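First the structure, in the form of structure tokens, and then the observations on it.
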Amino acid sequence: MAAECGSGNCDAWAARDPSGILSPYKFNRRAVQSDDVSLRITHCGVCYADVAWTRNILNNSMYPLVPGHEIAGVVTEVGADVKSFKVGDHVGVGTYVNSCRDCENCNSSLENYCSQHVFTFNGVDTDGTVTKGGYSTHIVVHERYCFKIPDGYPLEKAAPLLCAGITVYSPMMRHNMNQPGKSLGVIGLGGLGHMAVKFGKAFGLKVTVISTSESKRKEAIDLLGADNFVVSSDENQMETLKSSLNFIIDTASGDHPFDPYLTLLKVGGVMALLSFPSEIKVHPANLNLGGRSLSGSVTGGTKDIQEMINFCAANKIYPDIEMIKIDYINEALQRLVDRDVRFRFVIDIENSFK
């Protein structure tokens, strides 16, 4: 069965310069190779990475740039050697579309840490082409980087799992944050933070949301089911949390202090950093004297991604989303910068290009 875009034009929206303004764009996807899967994109989540690269914040953007790495859709064609997928399957594609497949990390299903991994957009693939992401009608990927979405799990809800979901799930599993009865602190309540709360509750943890904004209290407790809420600037509230948490997931964007949060951990506690502040300053005593750890993490490997999707389907865990059409994307990206979304924008791709 031929793919909708095939070797012809693929409709998309792209940024042409560091203004980050996106507009309609056409380009050619590669032909399906023997180990490739081609999918019609139905939905694509909107991540802050889309802002960073469309606006050249990291000074490495390659224009025209088609963003989007939270992709969900339906298989339209498979290569001759593909055994894991068939036409009609619901699938997802995440933050990377290639890796060396031969290093220690790849052989351990940690492809996200492969030194040669290729980003889903604004990356350079092995054939020298610049990758283009999910703000488009169609994508072709090697089957290793494609993931099954169980029938019945809404594709619009599945899309954010491919970045926001796995970015939280992977460090939680690596640090055994799935022990019922333990306590979890979640710093920040955006796209990643709200997924950390959902996973924490599903794991049977006592979840405390820590935010700079009192306005997040109702969302945290009434909407997401957190057990506790603390405003980080309130010294009295923070004092009551000292040495009470087994784990902390830090999703806060931008620069922020670390010592006040590390003191909230029990002896042997772990704080996982998921964001990219410009620097990290920590007093050694807050680590050494409590046997505490500060750990970094970025997305997740292929094994974890499929496991996470299956876990969400089995436990009816769904991201909270605001659905938009592609022609609203410039407003949505600015709203994301302004932190005006609850909790993830998802583009209705299949109804945006008709």
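Backbone N, Cα and C define each Cβ position, glycine as well.
For H69 (Zn(2+) 1 binding site), the same-chain residues 6+ apart in sequence whose C-beta sits under 8 angstroms from its C-beta are C47, A49, V93, G94, T95, Y96, F119, T120, F121, G133, G134, L162, C163. Marked as Zn(2+) 1 binding site by Swiss-Prot on the basis of similarity to another entry: C47, H69, E70, C163.
Under the DSSP three-state reduction, C103 (Zn(2+) 2 binding site) is assigned to coil, being neither helix nor strand. The Cβ of C103 (Zn(2+) 2 binding site) lies under 8 Å from the Cβ of C114, S115, Q116, each of these being in the same chain and 6 or more residues away along the sequence. Annotated Zn(2+) 2 binding site per Swiss-Prot: C100, C103, C106, C114, in sequence order, evidence recorded as similarity to another entry.
V298 (NADP(+) binding site) falls within neither a helix nor a strand when secondary structure is assigned with DSSP, and so counts as coil. Among the features that Swiss-Prot reports, NADP(+) binding site is placed at T167, 188-193, 211-216, T251, 297-299.
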Nearest by CA distance to S213 (NADP(+) binding site): which of the binding-site residues is it, out of E70, C100, C106?
E70
Rounded Cα-Cα span from E70 (Zn(2+) 1 binding site) to G190 (NADP(+) binding site), Å:
16
Beyond the listed site residues C100, C103, C106, C114, identify every same-chain residue whose Cβ lies within 8 Å of the center of their Cβ atoms for the Zn(2+) 2 site.
S99, R101, D102, E104, N105, N107, E111, S115, Q116, H117
Out of E70, C100, C106, the binding-site residues in the record, which is closest to T167 (NADP(+) binding site) when you go by Cα distance?
E70
Of all the binding-site residues given, G193, S213, which has the fewest Cβ neighbours within 10 Å once its own Cβ is left out?
S213
Select one residue from C106, C114, C163, V298: among these binding-site residues, choose the one with the most other Cβ atoms within 10 Å of its Cβ.
C163
